[in-house]
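Engineer: In case it helps, TrEMBL gives these features for our protein:
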BINDING   Cys131, Cys142, Cys169, Cys173  Zn(2+) 2 binding site
BINDING   Cys136, Cys169, Cys175, Cys179  Zn(2+) 3 binding site
BINDING   Cys273, Cys338, Cys340, Cys345  Zn(2+) 4 binding site
DOMAIN    1-45  domain 'Chromo'
DOMAIN    129-187  domain 'Pre-SET'
DOMAIN    190-313  domain 'SET'
DOMAIN    334-350  domain 'Post-SET'
Amino acid sequence: MEYYLVKWKGWPDSTNTWEPLQNLKCPLLLQQFSNDKHNYISQVNKGKAISLKDNNKALKPAIAEYIVKKAKQRIALQRWQDELNRRKNHKGMIFVENTVDLEGPPSDFYYINEYKPAPGISLVNEATFGCSCTDCFFEKCCPAEAGVLLAYNKNQQIKIPPGTPIYECNSRCQCGPDCPNRIVQKGTQYSLCIFRTSNGCGWGVKTLVKIKRMSFVMEYVGEVITSEEAERRGQLYDNKGITYLFDLDYESDEFTVDAARYGNVSHFVNHSCDPNLQVFNVFIDNLDTRLPRIALFSTRTINAGEELTFDYQMKGSGDISSDSVDHSPAKKRVRTVCKCGAVTCRGYLN
């Protein structure tokens, strides 16, 4: 008869008991146990013609250790997923998945929904004027006041070229929440999954639903720091092979967004030299051109299950630059190898 060592929920390990199969009313846990066991044996015996049938009277210690670690990881990731969904303020749900390795939640990452100014930096999130339109689609609205075109069509898709700023209606405007010029401020509408990649790129983000082309997907948020501080941090990040700095260089290069410790789902979006997301500068309540919000829009239809990517060297102006994300003008730095796999891959992230 098969017995299973059971950890009872809410009780210490000292109360664990061995139970026969007929006592266990947890089919999902048993299936996970079986899958974890099978996956471990498959990994160990990769490339070998060997039966997966286990004729031993007891699990080998290495297999048992892996199953326990995998179970603990599953619990930790579920708790992290719950925390992310408590903290986010947008409609789309956040899911977490790791079927690749034993990596758990990041230890030094804090989820935020908007820019977090570093000490000494002031973000004035109060517009000085707003529109009085009854229909912002047809009247002289906020974009016209700023000298640009309305960014969206009636299907809520972006219609302006990269490099053109987006001016949305703000808190002083008399239009309501259903105004067609309020898109980015409503946050992510799609359910997304933070998942462990199998190609060595760490965590990534995939969409769980189909996303139409030219649609708003997410904002890039983080800690707003000075360019001088960004230069200092950039040297440290380069040595670690990580890339989270995004220069706010729409009109000047005074400030940078650092999403290394503070960020949202965009923290986990990987780079691609052939991306499916495009960067746009957005102004809503803060009209300071030194501090645009960074929005990511789909460049094409993105199918459910597809990974989301943007070009880390893409500027909000629409240009490719060697000094737009985690970079500074040509200084000798450790170069991070690109693993995007695109036909047009440039070879390096920076």
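Quick reminder: no glycine exception, Cβ is built from N, Cα and C everywhere.
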Engineer: Excluding the flanking five residues on each side, which residues at least 6 beyond the ends of the domain 'Post-SET' (334-350) place their CB within less than 8 Å of a CB in that stretch?
Structural biologist: 199-201, 238-239, 241-243, 270-274, 309, 312-313, 322, 325-327
Engineer: Check the domain 'Chromo' (1-45) for me and report the mean pLDDT.
Structural biologist: 91
Engineer: Given the binding-site residues Cys131, Cys136, Cys142, state which is nearest to Cys338 (Zn(2+) 4 binding site) when distance is taken between Cα atoms.
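Structural biologist: For Cys338 (Zn(2+) 4 binding site), the spatially nearest of the binding-site residues is Cys142.
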Engineer: Per DSSP, how many helix, strand and coil residues does the domain 'Chromo' (1-45) have?
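Structural biologist: Summed over the domain 'Chromo' (1-45), the classes give 24 helix, 8 strand, 13 coil.
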Engineer: Using Cα coordinates, what distance in whole Å links Cys131 (Zn(2+) 2 binding site) and Cys345 (Zn(2+) 4 binding site)?
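Structural biologist: It is 44 Å, counting Cα to Cα.
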Engineer: With DSSP, how much of the domain 'SET' (190-313) is helix, how much strand and how much coil, in residues?
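Structural biologist: Reading the DSSP string over the domain 'SET' (190-313) gives 18 helix, 50 strand, 56 coil.
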Engineer: Let me check the 10 A CB neighbour count of Cys273 (Zn(2+) 4 binding site). How many other CB atoms are there?
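Structural biologist: By my count, 20.
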Engineer: Which is it, of Cys169, Cys338: the one of these binding-site residues whose Cβ has the most other Cβ atoms within 10 Å?
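Structural biologist: By the 10 Å Cβ neighbour count, Cys169 comes out on top.
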Engineer: Please identify which of Cys131, Cys142, Cys173, Cys340 has the densest Cβ environment, defined as other Cβ atoms within 10 Å, among these binding-site residues.
Structural biologist: Cys142
Engineer: Roughly how many Å lie between the Cα atoms of Cys169 (Zn(2+) 2 binding site) and Cys345 (Zn(2+) 4 binding site), rounded to a whole value?
Structural biologist: 38
